[in-house]
């Protein structure tokens, strides 16, 4: 069911960098009620700029590192819910691309996303009297087919796709819907220089950028279109300036 973002309260994890920042700018054109940006690094200049895009929207920045214990995330979310009373959408966008940092890549790209999602279920889960909500998780096309020189990063993104697809199937129980947006190669600082696993390909960034890419602005525009389409369980591919729903092939079924 299509979703109007007018007067919605949105929490955006990692909404200040790369794809996140251009998506934030696009969201602000939609007359949200509140946009709460949770990010590890404060950038007052950018926050001030964002506040001028649409004075109707209240933009709030709160420092947040997705690798903190889940108890800390729950405390932070409680302060947000106490202030706003309700949150309509959670966007999980934290991510790093550096296969030298194996544990941190998993912690930021996957564990942090799972913990933030699990924490907000305390407030949304209809079994606890919650109103439900919408989760938008940022994956990557590498979650479909890996960039094999960065298997750790690619593996975390495959995990995000599977985790989110499971959340979508649990919506009748929890009242919380979910989908992934999966950008292709996008011209951001993330891909300009990064390390391959065990240095198997020292020129991996240069070789990747030799292929067709997209701007973060084009990606952000399609990102918001996907949010407005609001399809539970969707696996969106945002590549080369296009938006496409992926039909996932089923090769096995648990039968439960």
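Backbone N, Cα and C define each Cβ position, glycine as well.
These figures come from a predicted structure and were not determined experimentally.
Other Cβ atoms within 10 Å of the Cβ of residue 40 (NAD(+) binding site) number 15 in total over all chains. The NAD(+) binding site annotation in Swiss-Prot covers 12-41.
Marked as substrate binding site by Swiss-Prot on the basis of similarity to another entry: 140. Within the same chain, residues at least six positions away from residue 140 (substrate binding site) with a Cβ under 8 Å of its Cβ are 95, 153, 154, 157, 160, 182, 183.
According to Swiss-Prot, the feature active site, proton acceptor maps to 153. Of all the Cβ atoms in the protein chains shown, 29 others lie within 10 Å of the Cβ of residue 153 (active site, proton acceptor).
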**For residue 20 (NAD(+) binding site), nearby residues of its own chain (Cβ under 8 Å, 6 or more apart in sequence)** = 12, 14, 39, 93, 138
